[in-house]
Amino acid sequence: MLGRTLQEVSAALKQGQITPTELCQKCLSLIKKTKFLNAYITVSEEVALKQAEESEKRYKNGQSLGDLDGIPVAVKDNFSTSGIETTCASNMLKGYIPPYNATVVQKLLDQGALLMGKTNLDEFAMGSGSTDGIFGPVKNPWSYSKQYREKRKQNPHSKNEDSDWLITGGSSGGSAAAVSAFTCYAALGSDTGGSTRNPAAHCGLVGFKPSYGLVSRHGLIPLVNSMDVPGILTRCVDDAAIVLGALAGPDPKDSTTVHDPINKPFMLPSLADVSKLCIGIPKEYLIPELSSEVRSLWSKAADLFESEGAKVLEVSLPHTSYSIVCYHVLCTSEVASNMARFDGLQYGHRCDINVSTEAMYAASRREGFNDVVRGRILSGNFFLLKENYENYFVKAQKVRRLIANDFVNAFNSGVDVLLTPTTLSEAVPYLEFIKEDNRTRSAQDDIFTQAVNMAGLPAVSIPVALSNQGLPIGLQFIGRAFCDQQLLTVAKWFEKQVQFPVIQLQELMDDCSAVLENEKSASVSLKQ
């Protein structure tokens with residue numbers, strides 16, 4: 001049961017094959033067994049069991065709330081959860097218990113979902129590896145998969161050491177690890193520059209970033225207000241669509257949300273005629289740093305669409321090369337503004353120094369924030385100085401408009417969706433990842449994902465195949481603004497063609513039959 005999709009488990013609950021309490025207990029048991037992955041910061045066992053009990057009563061009375069009723073989910077620890085500690089993996093918020101739920105959390109609970117816990121992340125979601133939070137790095141479940149272990153044994157140069165585990169990507173790495181390790185069926189992440197799609201690619205999951213304004217940000221502790229979007233991590237596209245259907249819609253507490261264009265209940269139609277599609281391939285995304293395996297799979301994916309009658313066009317996004325610098329200026333500027341609230345008086349950690357208010361401010365922020373957060377605050381304040389504002393912040397905003405216009409022009413040329421890589425390569429070992437500093441890593445790892453956030457478009461990462469090392473590789477589909485349903489419909493068709501294999505974690509689970517019975521054999525292998 002643990003290895004099944006959300007949709008399959010929902011059907012099993014409705015048919016009485018398993019109860020919400022039994023399902024909740026199975027997931028809690030696996031959370032304990034996989035504690036070494038460090039996916040969760042807080043496990044809300046009592047809350048989840050109480051929610052399961054209430055769900056069970058509804059099922060017995062024939063009053064199910066829908067597809068999410070009784071389904072275990074996890075939430076990234078930068079979403080406010082009433083009565084449950086919300087830390088952003090930072091000393092600044094350690095011990096903070098919000099008095100309210102984020103809108104997306106409340107919507108999940110209103111649909112009967114079971115909150116298993118709060119997941120690990122980079123501090124204040126600033127990173128691309130889930131390695132820079134105060135609770136330690138998150139380990140990628142694929143480090144312990146049968147597929148990866150067997151490939152390592154075949155390599156005479158590999159050291160089969162436990163220290164050589166892989167990163168999950170980030171910053172929503174805890175949420176990705178939680179779903180990948182079968183401890184829940186869906187998880188919320190946040191996506192500011194790729195923080196949901198990046199770990200999805202590294203953990204063999206579907207990672208969906210909705211259009212900006214489609215899903216409420218209320219209660220998501222902000223990083224970059226103009227780019228932040230709640231993201232969805234699931235094992236298949238249909239599951240992501242179910243969660244999106246629960247979350248999408250206007251929110252009076254978030255003025256950036258728009259009228260909900262999603263039809264509910266949100267079920268994806270099958271793509272009837274692929275030949276009517278036009279797939280765009282951005283030529284600027286073919287960069288030297290892209291690994292040969294990802295490049296090859298990207299090309300074969302385009303060939304797959306073409307072989308089924310779709311039109312595949314090379315398109316140009318000419319301002320792509322400026323996106324990293326532009327994103328850095330805008331991101332750090334908004335970070336500097338958002339982090340100003342954490343002063344030791346109104347919010348967050350307060351030091352013991354009482355010499356002066358200024359000294360208390362400085363010491364509280366020095367103790368509360370890590371080097372990465374402090375560095376971004378300093379950069380942002382530099383860009384926002386009166387003498388620098390026009391030359392940096394205003395220019396970056398103008399470049400952001402040019403980047404957004406590039407996408408508009410591409411879609412106006414007749415393209416329905418864009419097909420790109422999600423990451424430069426497969427997941428790398430932690431010891432290799434930390435050789436670079438946070439800023440360099442983020443610039444490299446989010447190169448294909450940041451522009452989407454600056455343009456406010458929907459995008460989804462789909463797992464395509466295993467690399468020669470037995471690790472997941474994902475590709476990204478980008479859609480027109482608020483054409484989320486069309487984007488997911490195309491992604492669902494593609495997912496069905498490639499049939500990505502299920503992770504095999506026999507060593508972590510007593511009963512692997514549920515996972516293995518659901519394992520897929522590729523109908524169209526892009527590795528050939």
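The backbone N, Cα and C atoms fix where each Cβ goes, and this holds for glycine too.
Unlike curated records, TrEMBL annotations are generated automatically.
TrEMBL has this to say about the protein:
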{"type": "DOMAIN", "residues": "25-488", "note": "domain 'Amidase'"}
{"type": "ACT_SITE", "residues": "Lys76", "note": "active site, charge relay system"}
{"type": "REGION", "residues": "147-166", "note": "region 'Disordered'"}
{"type": "ACT_SITE", "residues": "Ser171", "note": "active site, charge relay system"}
{"type": "ACT_SITE", "residues": "Ser195", "note": "active site, acyl-ester intermediate"}
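If you measure from the Cα atom of Lys76 (active site, charge relay system) to that of Ser171 (active site, charge relay system), you get 9 Å.
A gap of 5 Å separates the Cα atoms of Ser195 (active site, acyl-ester intermediate) and Ser171 (active site, charge relay system). For Ser171 (active site, charge relay system), the same-chain residues 6+ apart in sequence whose C-beta sits under 8 angstroms from its C-beta are Leu121, Asp122, Ala125, Met126, Gly127, Ser128, Ser130, Gly189, Ser190, Ser195, Pro199.
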